[in-house]
Each structure stands twice: as structure tokens, then as C-alpha cells.
Amino acid sequence: MIQKSKHLVVFTGAGISTSCGIPDFRGPKGIWTLQREGKALPEASLPFHRATPSMTHMALVELEKAGFLKFLISQNIDGLHLRSGIPREKLSELHGDSFMERCPSCGIEYMRDFEIETIGLKETARRCSKVGCGARLKDTVLDWEDALPPKEMNPAERHCKMADVVLCLGTSLQITPACNLPLKSLKGGGKIVIVNLQKTPKDKKASLLIHGLVDKVITGVMEFLSLRIPPFIRIDLLQTIFTQASSLDEKYVNWSLTVASVHGNRAPLPFIKSVEVSFSESQNMKAAVLDKQPLYLKRRTVKSTNPFNIMMKLNFSDGCKCSSAEITIPIDFKISADVFKDDKDSILQNLRESALTDPSCGQTSVIEKKVIMVPKSEVIVHAIVTNIVKFDRSYGDLSNGSFKRKYECLNGVIPSRKRSNGRKPRAVINVR
């Protein structure tokens, strides 16, 4: 059916992310199911922001590149579709994204490497960086009473009406109004395919039902179509800020080194556990370990000091495939004329290719270097490969490992780390 389709639309639920370690509610090992059976809830081995896309996520990326997948609709808020590489213009995230902020004034979206601290379309702690805007950003995750946003709903409806096949993957098709979207294909003669472990209320409308694991089914689909499931390579960004100023007597240079998020100096840097700083052997400077954010080092150097190197060993947090990466920053206390901003996409692509050749990960590259005159600073943006996940053609994940998320139960209620004041808690997991 996929091979013959002219306009394939895929509709996803929490079932495509359970193999990433993000539990659902209604599945056999879902939060509500385990709680009802009196069984222990899953414990976390990795933080939410380090979850990696599943076989199904990456197969959908390949289906889009091969021209089969025309549009993707998701009820999930885990951000894994965008992280996997699905183009934003071909994706509707109906219920929002835990890692995205949006500017209500100019509409720019900001994908973060940390979980946004609010839900319910509330203002966050950051502002739009577009020149001339500066409006306070808002989160994108819906609260219980929020209507589905037209920006996501309208294209989803349009593509479902155009679809000749709507493939529903890992969704119970119970959450309204989203669950009715696939039915809009029927008027134009489209067909619905449902792949889910349990029965759904829409089963009678489907041309094909498969009660099974989504990853296993998708593996068979890709083999039939002679398509490979591409690896997932995660690249994270950070910036180093070297700031200097002469002492009052002009004999010394007071300088500092800051390792910060590219999303703003006050934003968290979740994939860094600590930074070990050392210096060229010619320098009589004491090494340091920065293990509390903000990651900041302050030193004083005699003005006549020869150029030297600062060596940084970046120790990664849990969930990164490699344990560390190394970056060297040359220091000569001069304002560098070597200011540039390279083509980010080509640099990231080169890093991905390098990661496939050397799968140990930890590869780094410089994307941008700029100078700030007051205070006198040099800012360098670094890209670092922190995860590589390869998939076998047979069912199973060779290198992703298990990911579990922990929930504490208070009086029989599973609280969320995010909740609106005085309202029913909304768990930061997908609903299937």
C-alpha cells in the first residue's frame, strides 16, 4: 500500500517512542496499566532530554527522503520526530513539543536541548533573539483545556483529506479531536492502516489492522521497500567565551573562560557534566575542574605572556554514547581578525559523515567565531557529536540501549514535573 500510494500520511502516538524508554499510559507496560495492576513503575536510567529516536522514527525519515511520506502528524511531545531529521514543514506536532519555544510576536520557533520549564503556552524565561523583536517566548505544550493550535491542526487536516493512505502507528486513537483526523481520508477514497498492540475505537474503519510492535512491523516494511533505516547521529552545540581586560596598572590581563549554552548564557547546558581545564606546559597555571553551572574560570596573566593554549576536556552527562570530547583554544590576547560564520548545515553534515567513519563519537568542529568589543571577548560556537545509534536490518536495536523514566507515586497519582497551578497534572510522557 505504501509503495502504490501517491500521498502517504503517517499519524503517530506514544507507541513509537516506548522503545526509546518513554512509557505510554495505556500500553501493556504503560503507566496507567502498571498502576492498575499494582506493579512497580519504571525507573529512570537516563534523563528525558537524552532519549534517542527509535527505529520507527528513523525509518520515517528515510521514507520521507525516498518520496513516500508526504506529511507526518504526531500526538507526542517528546520532540523525537524533529530530532530524528523530519523537516519541520512536513510535521504537525498537535500537542506541542517539550523542547520547543515559540515567539508569539514574529512566530520564530526555537528548538532547545533542554526541557522547557513550563506548559500551557505560558511565557518562559527567554526572549526572541530576532533583531527588532525581543518578545517573551512561550512554550508549545498544551494543557488540558487548550485547543489544538490552528498552525498544527490546519495542515494536518488538509493532508489527511489529500491522503490515499493514512498509516497510524502506536496510537490508541482515543484522544479527541486528534483521533478523528485519519477518518478525513475516507471521503476521498483513502485507506487507513492501524499498527498498534491493542484494539482501537477506529479499527472498523481500517483497511488493514496489525496488532504488533511498531518497530518490528516497520522493519519488515523497510526490507520490502529495499530501504535502509539510517543511523541517528546527535550533534550538540555549545559556546566558549574568552573575555579579557587589562589591570589598572596595565601589568596584567584579567581574563575569564565561560562554557555556555548557545541558547543563552542563563540557559542550562544539560549534556555537560564537568569541564577539565589545563594549559600549555610552558604556562605555570593551575589546572581546574568546572563542575557547577555556570561553567566559569577566572585567571590573571602577566601582559608579556607568550601565546598559549587552553585545553578543555568536556565530560558528558549520562545518555551520551561517549564519555568526553576535547577542545583546544589558542590564546594570544589579541583581537582576532579570523572572524567567520561557516555554513552550519555543511559542517554538521561533515560531522555526521565523520561520525559514521569513526563511530567512537566525540568529534568536534567550529561553526562560528565572533568578537565582542565591550567587554573584549571572543566567542566560538562548537558542534560536538554526542550520540551515534545504528540499527540492524533485522528487528532490534544494536546500540541504543535501554532508556527508562522514573515516576514517583503520591497517593496513587503520578505527578508530572510540569503542572499548571491548581490543575490536574499533565505527565511529560506520550499518551497512547
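Glycine is treated like the rest: Cβ placed from N, Cα and C.
Feature annotation from TrEMBL assigns domain 'Deacetylase sirtuin-type' to 1-228.
The feature active site, proton acceptor is assigned by TrEMBL to HIS95. Listed in sequence order, GLN75, ASN76, ILE77, VAL141, LEU142, LEU148, ALA178 are the same-chain residues six or more apart from HIS95 (active site, proton acceptor) with CB atoms under 8 A from its CB.
According to TrEMBL, the Zn(2+) binding site annotation covers CYS103, CYS106, CYS128, CYS133. There are 13 other CB atoms within 10 A of the CB of CYS133 (Zn(2+) binding site), with all protein chains counted.
Cβ crowding, taken as the number of other Cβ atoms within 10 Å, peaks at CYS128 among the binding-site residues CYS106, CYS128. Applying an 8 A CB threshold to same-chain residues 6+ apart, the list for CYS103 (Zn(2+) binding site) reads GLU109, TYR110, CYS128, LYS130, CYS133, ALA135, LEU137, LYS138. The Cβ centroid of CYS103, CYS106, CYS128, CYS133 marks the Zn(2+) site; residues of that chain outside this set whose Cβ lies within 8 Å of it are PRO104, SER105, GLY107, ILE108, ARG127, SER129, LYS130, GLY134, ALA135, LEU137, given in sequence order.
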